[in-house]
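*Asks:* Dropping a structure here in structure tokens format, bear with me for questions.
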Amino acid sequence: MIEKSNNIYLSIDPIVERIKKNGEELPLINSEKKGIDYTQIVVYLVGLSDGLIHLASLAIYYLFKDHYRLTPYQVSLILMYPYLPFILKPIIALITDSISIFGMRRKPYLFLFSLFQSLNFLSLALVDLSLIQATLVLFFISLCASFCTTVAEALVVESSIGKTYSQGTNKVTEFIASKAVGSLSVAYFSGYFLEKVSREYIFMATSIFPLIISISCLFLKEKEYVTRKNIFKQMTDLIKFINTPVFIGPFLYIFVYMSGPDYDDAFFFFCTNKLGFRPSFMGTLRLTYGIASLIGIIVYRVFLKNSSLRNTLIFTTLVSFPIYISPIILTEKINKYFGISNELFVLSGGFLIEAITEIQLLPLFILTANICQEGLEASVFATILSVKNLGSLTKKGTSSLLTYLMKIDTYNFDNLSMYILTCGLFLLLSLSLVPLLPSEDQIESLKNKKIQK
């Protein structure tokens, strides 16, 4: 029989013990399984929908490439704007943690923003939009997705309260896996349908997925919440909680890792205009990337679950580099010397890097789920993700600039190999921040430290 430690941060149920000690209430959404666990179902559906809306991702690329006739650097520039709402996730999280609607912090936000997201996809399908209007619609789609995923992340943390470290790890990885499964489910069809039906039909079909969240969240049982802290007090608590080397070092690492230029948009033009790949094949590629993402999550759960944060970040960075620059084999036609087809070497690094970044974030999510201060569930998760998304936004800007400087356009790809190698070197730049990553002793110290409110 395992005996509980007197130290509330080393006990089997660390968060529950801390809450009881401070006389706080248990989470607003009951995580105990009594019959059907609607909370967990809603969490999985949000993750699944977040992946399923990638059905429209290729259609969006072709919309800007063919309908609006943009060049690679212009596409990169336009696609910066949908990242903005994800940078604002901490603010969104503070709103959902602090401001209740009809006494609830989760259900109303999920219902309203999933419904609004569906309407925005319908506008892409039914309205003849200008370039500016289409960009605004993408911004609002991302804003809605940001609200929905922020609420789901808070539910993951709340449902982890009272669980062991291993159980908390499983809940976090299952939520991320649900997104990967959703993306994987529609990856191939995102290209296949482009050859069979118009973009408008694809946008219309995609609008159905957020509606599923709107309907399912009505079954979510949420206790009435009485606001005890204003948003400014919440912000102060959030800054105090994350202002430690355990978080700051990884934040800087992930930002630098994500913010360098990325060749993905230029490579998309190369595949479609130079190599003549059809939409169905581009969809097949996305299926491959979806499988890679899911395998990455499985690898973490099986092999890296007990690895240190520092080792996980270093290992994934080193593994990603050769995969990331592999398209040089294709752009330099090296594969032709060995009689290997172009299709086998079309590995666009952007999607693989996103998958690896998910793995890099997992240790931070799991740590957060086990030590998060009550009332900041959404805020802390959102802050971690906003760092990644700020890096992604910066990446789009640096990609657009470097694409322009290297004179890569719709049909000129003379400098694409040099561009890919430059992007790869920027990827390795994050390794210079390894000394800033926290040691296991620092992480254990944070687990054992009582958070003052």
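Glycine residues also receive a Cβ, built from the backbone N, Cα and C atoms like all the rest.
Copying in the features that Swiss-Prot gives for the protein in this structure:
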type     : residues : note
TRANSMEM : 41-64    : transmembrane segment
TRANSMEM : 76-96    : transmembrane segment
TRANSMEM : 108-126  : transmembrane segment
TRANSMEM : 132-156  : transmembrane segment
TRANSMEM : 176-195  : transmembrane segment
TRANSMEM : 201-220  : transmembrane segment
TRANSMEM : 241-260  : transmembrane segment
TRANSMEM : 280-300  : transmembrane segment
TRANSMEM : 312-330  : transmembrane segment
TRANSMEM : 346-366  : transmembrane segment
TRANSMEM : 416-437  : transmembrane segment
*Asks:* If you count every Cβ pair below 8 Å, which range out of 108-126, 176-195, 241-260, 280-300 shares the most with the transmembrane segment (41-64)?
*Replies:* 176-195
*Asks:* Contact between the transmembrane segment (201-220) and the transmembrane segment (108-126) is defined here as three or more C-beta pairs under 8 Å separated by at least 6 residues; is that satisfied?
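*Replies:* Yes; at least 3 Cβ pairs under 8 Å.
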*Asks:* Taking residues 6+ outside the transmembrane segment (76-96), which of them lie with a CB under 8 Å of any CB in it?
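*Replies:* Same-chain residues near the transmembrane segment (76-96) but 6 or more away: 64, 70, 105-106, 109, 131, 135, 138-139, 141-143, 145-147, 150-151, 154, 231, 234-235, 238, 265-266, 378-383, 385-386, 389-390, 392-393, 396-397, 399-400, 403.
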